[in-house]
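**Q** So TrEMBL says this about it:
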| type | residues | note |
| --- | --- | --- |
| DOMAIN | 5-128 | domain 'Enolase N-terminal' |
| DOMAIN | 135-404 | domain 'Enolase C-terminal TIM barrel' |
| BINDING | 151, 160, 274, 301, 353, 354, 355, 356, 377 | substrate binding site |
| BINDING | 159, 326, 355, 356, 377 | (2R)-2-phosphoglycerate binding site |
| ACT_SITE | 200 | active site, proton donor |
| BINDING | 233, 274, 301 | Mg(2+) binding site |
| ACT_SITE | 326 | active site, proton acceptor |
Ligand code: PGA
Ligand code: ZN
């Protein structure tokens, strides 16, 4: 069906940290949709630019970019997801969306995909799969239950301690992940000291050894009947100071950090490590992947920033075997699909991710299913902005039939 865009309007809303972010509404005859853009804190330096006002907080300039620059170009145009994305890329004209802002551009890109799916009466995940030429499937849940690093009051060695149930269905995996998280809560209550909530809804507290969070997760998984592995996001760009990595007050070279990871892999069921080294230390990624890549997912995030060119380079260099996909790191779905296609052709796994500053938009659930992603990172179900992603995955599974 040919759909003409009749309205395009942005406004500022608040994200899960209470910070302003962009929401875009798009309409055609008979349908209105909206898309909200998340915001990161431990960002990669090569991510596309998130447009903020002079105060570094507001998004009034990004709202103006949508309403005054993008809207006049797309109102009256046929809603064709890839064509609109191409128009947005050309209208911005920079490599990193620094003219319009990736937050302005992404809101329009996602809203366009939603509008077509709504007007054509097809599921969003199906529309995504048709456009990206991927095979839909249900992702594994990467639930971040202990938060450290830039996302928490307590600077635990790593930013995210994640449990990943092996269950085939979302409903079983979600139940298991929540049971494991409850067990973690009970374990933490036995310890001295305050427990707070991190930005992604997991527990945060002071822990004094590298092993301690893994001991807690291992026990908590066992108490839930097993059936899950452990993943971490080391977010090592944030650990890197003055040429070395700082963990719990000790300094590590890339080599000694690799050995520390290997010990953790041997001792615990740790099967997926995101950003084990800082974003420019490609050599350390290459050596680590060559060493452990058969048994462990070595995942790029700050390393790859959902950028098709960088993903291609890292695949060529064999620096990783999995990639985090965050649409706001690049700005359009067209570029997301390119990055995914390059990664898949290299045999990499795809893990679709939220940001630490999230909104009530469940879009990444449809994206993960549509792209046939291996995993989805959506945080802990203690914040509504995280829960809506899980609820959407359950809805896809329950209402639309189980897709494996
Ligand atoms: P961010 O963190 O959203 O704050 O960038 C998430 C991550 O590093 O994966
Ligand atoms: Zn990360």
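A Cβ is built for glycine as well, from the same backbone N, Cα and C atoms used for every other residue.
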**Q** Measuring Cβ to any atom of ligand 1 with a strict under-6 Å cutoff, which of the recorded positions 200, 326, 355, 356 qualify?
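**A** Only 355, 356 qualify.
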**Q** Looking at the recorded positions 151, 159, 200, 326, 353, which have a C-beta within less than 6 Å of some atom in ligand 2?
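**A** So the answer is none.
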**Q** Apart from 233, 274, 301, which residues in this chain have a Cβ no more than 8 Å from the mean position of the Cβ atoms of those residues at the Mg(2+) site?
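**A** Going along the sequence, the neighbours appear as 159, 160, 232, 234, 235, 273, 275, 299, 300, 302, 324, 353.
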**Q** When DSSP states are folded down to helix, strand and coil, where does residue 274 (substrate binding site) land?
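**A** DSSP call for residue 274 (substrate binding site): strand.
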**Q** If one measures from the C-alpha of residue 326 ((2R)-2-phosphoglycerate binding site) to the C-alpha of residue 353 (substrate binding site), what distance in angstrom results, rounded to a whole number?
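**A** Here the two Cα atoms are 5 Å apart.
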**Q** Do me a favour and check the Cα-Cα span between residue 151 (substrate binding site) and residue 159 ((2R)-2-phosphoglycerate binding site); whole Å is fine.
**A** 7
**Q** When you put residue 355 (substrate binding site) at the centre and draw a 10 Å sphere around its Cα, which of the recorded positions 159, 200, 233, 301 have their Cα inside it?
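**A** Close recorded positions: 200.
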